[in-house]
Amino acid sequence: MASAYYEFYRGSSIGMALTDSLDELITSGAITPQLAMKVLQQFDKSLADTMVKQVKNKTTLKARLGSLRTYRLCDDVWTFIVKNPSFKMESNEIVNAPRIKIIACKNGDAIEAGKK
């Protein structure tokens, strides 16, 4: 069965560290590549579930007209690149960034519902 979760978090520092560790374990013969894939699939699921259940903060994104540099829809995943956005946090703190990339996708529950 294919994983119903996106692999976005594999590119994070913890995801890359996990991948490096699994590669070392495969090279040394301690685990099989199949087991490593199962571990990565569980990592994808666990991180996606944690983001949905644990992260409750909300923010408001404000961008000037013309600051949306790129937008793309591919395989039900939206990607936006915005220059010079401002974020207003729940605490009313304002956070600025020179450039952000937003990836928006269906959560695991929506993916599973679509398969039925």
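Going from the start of the chain as shown, residues are counted 1 onward.
Even glycines carry a Cβ here, placed using N, Cα and C.
Positions annotated as domain 'Transcription initiation factor IIA gamma subunit N-terminal' by TrEMBL: 5-51.
For the domain 'Transcription initiation factor IIA gamma subunit C-terminal' (66-106), the residues of the chain that approach it from at least six positions outside its boundaries are 6, 8, 57-60, 114, judged by C-beta separation under 8 angstroms. Taken from TrEMBL, the feature domain 'Transcription initiation factor IIA gamma subunit C-terminal' applies to 66-106.
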Average model confidence [pLDDT] within the domain 'Transcription initiation factor IIA gamma subunit N-terminal' (5-51): 93
Helix, strand and coil counts within the domain 'Transcription initiation factor IIA gamma subunit C-terminal' (66-106) (DSSP): 0 helix, 28 strand, 13 coil
